[in-house]
């Protein structure tokens, strides 16, 4: 595998100066040759610095790197998360074929379908008003309390599918900062609000602290007996849930082979189901399952997750691009970059290989972004003219949900396509000067100003185009990126499914709490931490 990487590096060095503008001028079929399609979803990677030689090497890399073998190990339930001794089976949660999926000799599909059915019945009862609050009023608002994967996925998907909302209004609380839940509680009425506590162990400090605040809110407003009418849980800790006051029929479980950042397909998706209904949630799962099937069956050159992962690896470990920008041209996908940030960086932000040795080369990039066109007026300046090359990934639907605003959607499309074209084409010094002099600027001044208006171009981007952002399309898009992360992780030779880097800070926070509370001395901590504790204590208002 390393020999192929070195070959890719030498190939890239030979072609690094390749002018993408010239490549398009020389090849009228470049788009057709360097794009792939799955149903209405089109991936255009023709504006990346790839050619047939690079693609052939990347295809060999996938084979020699064992991507196909690892892919089947994941889908078949092998313990590929070896540091935690777990299978990785978020794909089973959307296995619409119901083909048996075995873990430790047991088919997990009956349990998966059982939880999905229970979620559907509960959602229907809340949405119809059959299940009411303690005072007999219909539930009009839900507040999901969770963090990380128990928050980012549901928040992102619920916002993305706003046109399909026909259930209770959805709110989300994640941060342990009391301002988050305080601001949210001001928006809801205790009599008509359902709280979802999403914590597998029912011990997550942020979630359980906020849950206690929410419980007090209900108990103070409606009485202790009302708690059971206004709470449900997504957890496997039935004893702790019962102690909290939540009845067992309002508890929805999931399994240790579902990682938090991959859990939107599980009971963690309950707020989404409540918002859009079980039927649309089923279509969301259908879209993901369709992408799973495509990932398993399509040849590399037509396989969207494989291509996306291979190009991502090429950008990171051959061209040494350290970040990637996620730029959805859809306001309803405003949280998609943050969702992918966790998915990618928590999965592939590792420095140790599966052999326990340091990673050779680089692992995952920094992932960030904002929706267009907002980002154009914020950070695109750096993407266009900065000293670092930042590959961009655009996504745009052909159709919106507001036919009366079709012209605005056309403006959105035009902006998206213009940005990818600008990154590729750039603007030469001669073109910049010509533009200035054509507007009447004298030559001497134009010579001075023109360099500031030069765009180097040759900056890689990928554009995804699809029909409409439906539940099916969103499920398909999320699964595409999940599998991209998997492909890159295999090539980085890391375990993409643990997250030990999250733990150390949590451990230290537990030890620091009594210090912050003034119950213990800061002695033993570094001088910076001691100084910060002392400063904060001096500024704190007691009472």
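Glycine is treated like the rest: Cβ placed from N, Cα and C.
TrEMBL annotations: computationally assigned, not manually curated.
According to TrEMBL, the protein carries these features:
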- 346: active site, proton donor (ACT_SITE)
- 377: active site (ACT_SITE)
- 506: active site (ACT_SITE)
* Structure fact -> Quick note, the residue listed as 'active site, proton donor': same-chain residues at least 6 apart with CB under 8 Å of its CB -> 261, 499, 501, 502
* May I ask for the distance between residue 377 (active site) and residue 506 (active site), taken between their Cα atoms and rounded to an integer number of Å? => 36
* Does residue 506 (active site) have same-chain partners at least 6 apart in sequence with Cβ under 8 Å from its own Cβ, and which are they? -> 205
